[in-house]
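Worksheet: one structure, shown below.
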């Protein structure tokens, strides 16, 4: 593998070093874009190891920032495509890695740029900005662009993604993600492992695509959003807003669930309900 250039210029484990480069480039970390730098080397290594990069695999990195993870990834992959929205960080990334044959930088918003890129890739990696994490995951699912992903997100969101049926964190987003991925927690990360320290804990997740038998994704997504909009209500009081033919309420496939709240219905059961409802449309 090709080794990264100028890696000695930034000590990614040192707040002093990071502050220095930010000062030199007149950069102020932006909370909006999740610009918090993971300064714990052992955690960075553990996260990258969980990606389990095989020879010749192509990787996308969303939001590389100063390039701490990029530096490690480039030693493991034949092609890394990095999406960076901040032009000042893009300049730093170009200086550090721009001459490497296995590095490609895309400047701009990932959600706007990725549709135009070659999607023949194997895995996606990101320390996702907390305010857009659910949006990015939802968008990739809606577009049926399902790749193995290792993502660091706000712990609260990770708890929702990995929630079990009958738990307080079980939500429409849980059902959406778990119907398309197997979600595995890799590590919880405390605030002090970042600079600047965020106000919330983080969790790294591994999302592994899995097959499902959803017949109509749009109807499935609409169903779970509708019933979870009244999560404390029983299904009979919320699904009425989704179905057109009220006679369906008498069908056996649905009757057994009408007395349950959405948090008591499993992912597979939601898929079955959606498919059966779809047969009536």
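Cβ from N, Cα, C; glycine included.
As the structure is a computational prediction, the values presented were derived from the model and not from experiment.
What Swiss-Prot says about this one:
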- 36, 38, 63, 84, 109, 127: S-adenosyl-L-methionine binding site (BINDING)
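Features per Swiss-Prot, on structure.
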residue: 36; record: S-adenosyl-L-methionine binding site; Cβ contacts under 8 Å, 6 or more apart: 29, 127, 194, 195, 196, 197, 198
residue: 38; record: S-adenosyl-L-methionine binding site; Cβ contacts under 8 Å, 6 or more apart: 12, 44, 68, 69, 127, 152, 189, 193, 194
residue: 84; record: S-adenosyl-L-methionine binding site; Cβ contacts under 8 Å, 6 or more apart: 63, 64, 65, 90, 93, 105, 106, 107
residue: 109; record: S-adenosyl-L-methionine binding site; Cβ contacts under 8 Å, 6 or more apart: 85
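In this entry, 36, 38, 63, 84, 109, 127 make up the residues listed for S-adenosyl-L-methionine, with the farthest two CA atoms of the set 21 Å from each other. For residue 63 (S-adenosyl-L-methionine binding site), other Cβ atoms within 10 Å of its Cβ number 22.
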